[in-house]
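Listed in TrEMBL for this protein:
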COMPBIAS  548-558  compositional bias 'Basic and acidic residues'
DOMAIN    74-150  domain 'PA'
REGION    521-564  region 'Disordered'
SIGNAL    1-24  signal peptide
TRANSMEM  179-199  transmembrane segment
TRANSMEM  226-250  transmembrane segment
TRANSMEM  256-279  transmembrane segment
TRANSMEM  300-320  transmembrane segment
TRANSMEM  326-343  transmembrane segment
TRANSMEM  355-375  transmembrane segment
TRANSMEM  420-443  transmembrane segment
TRANSMEM  455-479  transmembrane segment
TRANSMEM  485-503  transmembrane segment
Amino acid sequence: MSAKLMSAYILLLLVSVFFQRTHAVGNAILEVVSDSGQPSTDKYCIQYNDQYQQLPKTLENASPLNLKDLSDIEGCDLNEYRGHQISSHHTLVAVMRGNCSFTLKALIAEAASARAVLVVDYANSSLTPLPGGNKTEYGALNITLAVISWHDYQTIIHSGGQVRVSLYAPSRPRWDANMMFIIFASTLLVMFGGVWAAYSEEQAWKQRSKVRASSIDTEESEEEGLPFTVCGVLIWFAFICTTILLLYFFYDYMVYVFIALFCIVGAHSLYRCLLPLWTRIMPINYDIPLNRLPCFKSKANLGSLILLMPCLTLGIFWAVERHASYAWVLQDILGACFCVYLIQNLRLPSLKIISILLVMLLLYDVFFVFITPLLTSDGESVMVSVATGGKGGSKESLPMVFLIPLFGDSPLYMCRERSYSLLGFGDVIIPGLLVAYNAVCDVRLRRGGIHNGRTLYFIVAVAGYLIGMVLCMVSLMLMESGQPALLYLVPCTLIPTVAMALCRKELGLLYRGHSRISADSQDTVESQVGAGHVQDGRAEEEEDEDENGIRANEHLEEQMNLIS
């Protein structure tokens, strides 16, 4: 892989670690009530901020309100309400979005004696916003504030006659079946990446063995992976801190850079993951001559090129259709390939470097989630602000997360396009790097004869990852808020690995890295070979002594016969 493409991979990886705690919030239900007061099947999803005024949790506890259509005004000035008489305090006024803040619209509507205000989103808006404001504004309102999509509102007002509606916000279920899917799917991705890394190391070991067999003086091949050092990790850490701040202040511009990067890197990852299987199914060995294809500096394999085209097409198709209802499937496929390929390909050199990286990203996660709200003017963390689309108007979201729809039957699930459980790619890749490192160490230790165990460190790391994901989901249910998964995954994978190495007295080997394991393994092999040579020499000497004894006996017998 080229250095530029690998840099794009690492950039997406390190930025993706701050998305794991994001979850869908602010959904409520607007239900049209019939003239008899009975509920109807006309239900609509609205965006609602409970920091202004809280809605009842059930329809039975919600008071029906008369809908007053004022969508021809923006409601930013009390004079706009002149000529629009509000008959009672049980009135929900609907005004258009724009020209002023959500809080100001609500204050003006309250001054006009409205019970609640419904802001109608723009007709061309792709994502209905969550109404928000500063902490000082939250306590100033005594009415309900919500936002509805333009399409849903048009459906309501064209139903005919006087419309009465009820607003309520059902409790979000603590448990959803997709949590089990997230746990096992993420664990499988980590396992697959580790197994692939171990298989690649096994093949590389066999290749090195053949080279040594053909020429004993041949030097060992250079260590695979990137030359990460402590200084390099610190530089990357400073870089991602700078990147997230740039996203915070210039989100509307930076988001398109990351969408383009994910489109390219996701397509390349899909191609790389399918290539081994593709070469077995379609073993096309024809190389296209040079100068036949533009932008190719070397010969291109026809079979690889045939596979690359649909992979690149899928990445571009996702970029074009990223707002469609089915786009989450494409994003998850590209994301899964991105995670697996990076786990297999990004080989960090030692447990020391991995430990530093894991701990620093854990601290980074905690700081930007729990500390930055104390430093920002609106009391919102930098992470949450970026994860929810920034403060601009692009309506775009960064694609470095797995989107898993909720499987339950809560009334809020009708807002399915806004209700996903999210898992950041970093929550799979960052611990996966340790899993892959352990898998490669198992291969080298086993091949070198240092121990005869089978994938001990790999199994420990995978089991730790599974336990960490379970703990994260349990905390999610108990605290009813999104959790930074690295807070649980890093200790559950790193501590068991270190404990196992201490028990087996191999911590020094793992801490110093693959190169030290290879050196010790080579010393072990050479010592075994040397012992074999000594044993062979002794056997040859014993055979020579036996032959000399036989010849002496034969000579003695001949002399005795002559004497006789």
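Every residue, even glycine, has its Cβ placed from backbone N, Cα and C.
TrEMBL: automatically predicted annotations, no manual curation.
Under DSSP, the residues of the domain 'PA' (74-150) split into helix, strand and coil as follows: 19 helix, 16 strand, 42 coil.
Most Cβ pairs under 8 A with the transmembrane segment (420-443) among the ranges 226-250, 326-343, 455-479 are made by 455-479. Counting Cβ pairs closer than 8 Å and at least 6 residues apart in sequence, the transmembrane segment (455-479) and the transmembrane segment (179-199) reach three or more and so form a contact. Of the recorded ranges 179-199, 326-343, 355-375, 485-503, the transmembrane segment (300-320) has the largest number of C-beta contacts under 8 angstroms with 326-343. In this model, the domain 'PA' (74-150) carries an average pLDDT of 82. Outside the transmembrane segment (485-503) by six or more residues, the chain places 17, 20-21, 351, 354-355, 358-359, 361-362, 365-366, 423-424, 426-427, 430-431, 434-435, 438, 456-457, 460-461, 463-465, 467-469, 471-472, 475, 509-511 with a CB less than 8 A from a CB of the stretch. Within its own chain, the transmembrane segment (179-199) is flanked in space by residues 336, 339-344, 347, 402, 404, 407, 421, 423, 427-428, 431-432, 435-436, 438-440, 442-443, 455, 458, 461-462, 465-466, 469-470, 473, 476, which lie at least six positions past its ends and keep a Cβ under 8 Å from the stretch.
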